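In TrEMBL this protein carries:
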DOMAIN    1-377  domain 'FMN hydroxy acid dehydrogenase'
BINDING   Y23, Y128, R163, H273, R276  glyoxylate binding site
BINDING   76-78, S105, Q126, T154, K249, S271, 304-308, 327-328  FMN binding site
ACT_SITE  H273  active site, proton acceptor
Amino acid sequence: MRLSIQDFQLAAQSSLPRFVYDYVAGGAEDELCLTRNQADLQALTLSPRSLRDTSALSTEIEVFGRRWSAPFGVAPVGLIDVVRPRGDLHAARAAGKAGLPYILSTASNSPLEQVREVCEGPCWMQLYVMQDRGMANSILDRARQAGFEALVLTVDVPVGGYREKDIRHGFKLPFRLGPRLLLDMALQPRWLWRQALAGQPQFVNLMPTEGATSAQAQAALLARSMDRRLVWDDVSWLRSKWDGPLLIKGVLHPEDARQALRYGVDGLIVSNHGGRQLDCAPSTISVLPQIMDVVKTQMPVFIDSGFRRGSDVARAIACGASGAFLGRAVAYGLAQGGEQGVAQVLSLIAQELERTMILLGASCPADLAQCLVSSTD
């Protein structure tokens with residue numbers, strides 16, 4: 001019986017090869033940022049309001065004209081097929097059926113057109129802008145034609161984070177399957193059988209180029225193509241290419257939130273990439289109030305990194321966020337049961353959020369702003 005995301009995580013740890021589990025669960029360098037994300041969330045307390053009628057409870061919100069069944073969704077997770085083949089499709093189906101948003105990663109392993117087709121709910125496209133602008137243009141055109149509703153520009157990966165566990169395993173870009181990885185795979189025969197039937201995951205949404213058709217070549221292309229020259233003026237270029245809502249993911253500084261307003265961005269996702277990039281970065285929940293002081297109500301602000309319970313989502317909303325996105329939690333559900341496992345994770349978070357709201361005396365997400373937020377630190 002799995003009663004929490006931690007239960008799903010432990011089950012994933014026992015059913016995935018060690019290098020796959022560490023790829024999903026691990027962080028950069030000493031994993032201090034990874035630890036801070038959850039610790040700072042857990043340090044926040046919410047003081048409930050008493051004698052409130054919550055019999056007409058609703059967790060629904062509206063974002064960019066679309067209804068969400070609850071104020072959380074599925075964050076972009078690259079290379080998710082190493083957890084389970086067709087992982088993007090499983091997760092998108094589960095999110096859509098739950099009435100929750102789904103963000104597809106540029107580094108996904110299923111064609112974006114297929115993912116959009118199976119996703120019944122709000123479906124957004126995450127974008128890495130690379131040195132070759134033609135690659136970004138190709139993804140933009142395909143996403144527009146497929147009907148993706150919003151574009152999410154990730155800005156916190158000018159270079160890949162230094163993830164020591166991946167390096168020790170030999171699990172890095174480009175892939176090199178050495179004896180240690182092969183042994184890890186052999187110890188998980190069910191996982192190995194699924195992967196053998198599906199074939200090696202590929203970054204199918206990278207624009208095909210000469211010499212970049214194999215998984216290794218695509219991975220190497222992605223790793224070396226991140227553009228360190230990306231600046232705010234490039235946001236104007238993207239704005240001219242994309243008519244729908246444009247969000248920036250990876251903002252941690254209030255001045256960057258101010259810049260986003262100046263450049264006509266439609267929303268922010270406060271993110272430190274789940275602690276996978278800059279290990280000395282602050283937790284997302286700790287900087288959220290500073291960003292909300294700048295943004296106020298001028299655009300929706302979302303948050304990710306470290307969210308494991310519905311009460312975490314409630315904490316974020318009480319601090320001003322419009323909603324939260326979950327990545328690792330979804331991957332753990334995917335490892336255990338594909339689409340059904342993801343659906344169970346999303347349902348669990350929704351149930352926890354409802355229970356938390358009732359206990360806090362909140363009938364809708366907006367009521368959470370009335371809670372008194374304190375820190376035990």
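Including glycine, each Cβ sits where the backbone N, Cα and C put it.
Predicted automatically and left uncurated, TrEMBL annotations should be read as such.
Residues Y23, Y128, R163, H273, R276, recorded as contacting glyoxylate, have a largest CA-CA distance of 20 Å.
Non-local neighbourhood of Q126 (FMN binding site): P76, I103, L104, S105, T106, V152, L153, T154, K249, each in the same chain, at least six residues away, with C-beta under 8 Å from its C-beta. For the pair formed by R163 (glyoxylate binding site) and G78 (FMN binding site), distance between Cα atoms is given as 15 Å, rounded to the nearest Å. In this structure, R163 (glyoxylate binding site) belongs to neither helix nor strand by DSSP; it is coil.
In this structure the alpha carbons, written CA, of D304 (FMN binding site) and R276 (glyoxylate binding site) are 12 Å apart. The Cβ of R163 (glyoxylate binding site) has 22 neighbouring Cβ atoms from other residues within 10 Å, across all protein chains displayed. For the domain 'FMN hydroxy acid dehydrogenase' (1-377), the mean pLDDT of the prediction comes to 94. In the three-state DSSP scheme, G306 (FMN binding site) falls into the coil class. The separation of R328 (FMN binding site) from Y23 (glyoxylate binding site), Cα to Cα, is 10 Å. R276 (glyoxylate binding site) carries neither a helix nor a strand DSSP state and counts as coil.
Taking Cβ-Cβ distances under 8 Å and a sequence gap of 6 or more within the same chain, the neighbours of R328 (FMN binding site) are Q9, V24, A25, V77, G274. If you measure from the Cα atom of G306 (FMN binding site) to that of R276 (glyoxylate binding site), you get 11 Å.
Note: the CA-CA distance between R276 (glyoxylate binding site) and G78 (FMN binding site) rounds to 12 Å.
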